[in-house]
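Asker: I'd like to ask some things about the structure below.
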Amino acid sequence: MSIMKRGTKNTIFRELFMKNSGWFVLELACSYLAAKVLLLGNNRISDAIDAMFAGNLGECIDRQFWIYVGVLVVLGFAFTYIQSIATKIFAANMQTGFRAAAGKKLMQLEYRYFDTHTSGRVLNNFLDDVAKISDYYSEILPTIVTSAVTIVTIIFSLARLDGLLTALLLVVVPVMMLVSRLTGEKVSGLTRKHSQYHDEVNELAYDAISGINVVKSYNLEDYFKDKIKKTNRTILGFEYRRNAISSIAWVAGDIVQCAPCVILGIAALWRVQTGHITIGEMSYFMLLLDRVVPPLGMLPHYFIDARINLVSRNRLEEIMDYPSESAADGNGNSMCSTTDTGNGACAVEFKNVSFAYDTSGCVLDDFNLRIEKGRNVAIVGESGGGKSTIFKLICGFYKPDKGEVNVFGEEAGRNDYDELRSHIALVSQDTFLFPESIAWNVACGDMSVGMDRIIECCKKARIHDDIMKMPEGYATNAGERGDRLSGGQKQRIAIARALLKNAELILFDEPTASVDVENEEQIKNALEELAKNHTIMTIAHRLNTIENAECIYVLQKGRIVQKGTHRELMDSEGVYSRLYRMSSEEEADA
């Protein structure tokens, strides 16, 4: 069963826990056995004390006594060592499992998730929250469990010794648990709000770093500093309140550690005086009391920490339960191969498609479109008309609310999304390059691609000469998001990347929107190279760049209102001719 399906809340945590339950059980068993060894050792010491007061200590402490104690010491060391190893292995496996599952989920999340959540919040969830969950399973949970095992084992032994003293000891437990619960619930609520404001600070910092050029050029430093300062003040207020409440638990824990030793010590002396227990049994009781009270007093602190960390777990669960992109449906079908490339075969088809991002209204309304293989077509229209949405539906980023989107004869997303996207190359207006070498970016990290093939694609994309002028040629680092390159250079590298992928369908989303005339001409030449053996769909703002398209579709309010060649549309004096004149006037003014 997949651990990524929706509707199986906590599945990831449950499955990881069950997978490593053997180590957890071993940890519990060793905790119990170590506690039993402690009891046996203290019991023998108790007998020795009674023998001393009876005047026959020599008979009690003989060779057999020392062998017995030596065996207990070895066993105690062995059980404690194995428990420590089991705890560390359990924690390491849980941490690794969390990180692997979180990283996998990040890559599988539906595209819609990234439209509704900022990058800073996503990063905080997958870094900070995963780290806190790891701490919970590696430190807090094992400590609580081993302490509980030790406490229960010792209390049962004490109950057999003297029920009244044990009853007095147990009086503090419900009081402690009540304090822990009340403070824990309050701390949990404050921690949740604290985390939300912490996310806001991370988002602000991420935005400031990502948009540092805008921040500095528009003197927005004070704006971001003030917002971060204000949010930090709010966080500080929550931190003060949370610490104040947490301190109650710490004080309660300190009282629990001190008060029982005093009260029960006096009670034990009274029980000796009345003849209910011996001095040796009193010593036995006090020695074990010292092993029970500290972990008992620390339990409220552990529970508070657990509450704090479980807030992160709940936040992470919300992401892990978010819908993932579906995998293959198992029918064994694959999309049409490149062998059937003749014109007349359908590359893309929209059948009565309606789509809306939210309830505000349809972006596409009963939309129909058919693109044949090998065609070079363009889609134009006013901003917000649904052009980019068409590409997102083709790539399977979203599913239509109604109708079908077919790519090479198969419904988009019906089979594995990897299979769908292996046939598509997307060149967007804002080209993203990784902080790796230019060769790495062209090959998208595929180390099996030879340099000859990379250079060939770069020449076709009209970027080879620019690369050779760089200090390290193809080994030149592109910088973060490709910041060391111009907009035109990044676009042509993206085209080289598309050529290397050799996808049947290439989607260009405003490929020349932010480049100068010289770069625009080189990009147009590169596009003509691509159009020879591929199906090309282009969204264009500069309409002069798509004049050679075999067919131009004009989109308005989610519907196609015109289609034809550039000349046909200009002659018809409709929406296209108006948009073309506006585009020409904008370029003339520029």
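Keep in mind that glycine also has a Cβ here, set from the backbone N, Cα and C atoms.
Feature annotation from TrEMBL assigns domain 'ABC transmembrane type-1' to 67-303. For 348-582, the entry in TrEMBL reads domain 'ABC transporter'. What TrEMBL lists as transmembrane segment is 21-45, 65-82, 140-159, 165-184, 248-270.
Give me the structural setting of these features: burial, nearby parts and distances.
Answerer: Counting only same-chain residues 6+ beyond the ends of the transmembrane segment (65-82), those with a CB under 8 A from a CB of the stretch are 26, 30, 33-34, 37-38, 40-41, 44, 48.
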Asker: For the transmembrane segment (140-159), find every same-chain residue at least 6 residues outside the stretch whose CB is under 8 Å from a CB in it, and list them.
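Answerer: Counting only partners 6 or more residues beyond its ends, the transmembrane segment (140-159) has Cβ contacts under 8 Å with 24, 27-28, 31-32, 34-36, 38-39, 83, 87, 90-91, 165-166, 169-170, 285, 288-289, 291-292, 295-296, 298-299, 302-303, 305-306, 309.
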Asker: If you average pLDDT over the domain 'ABC transporter' (348-582), what do you get?
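Answerer: A mean pLDDT of 82 is what the model gives the domain 'ABC transporter' (348-582).
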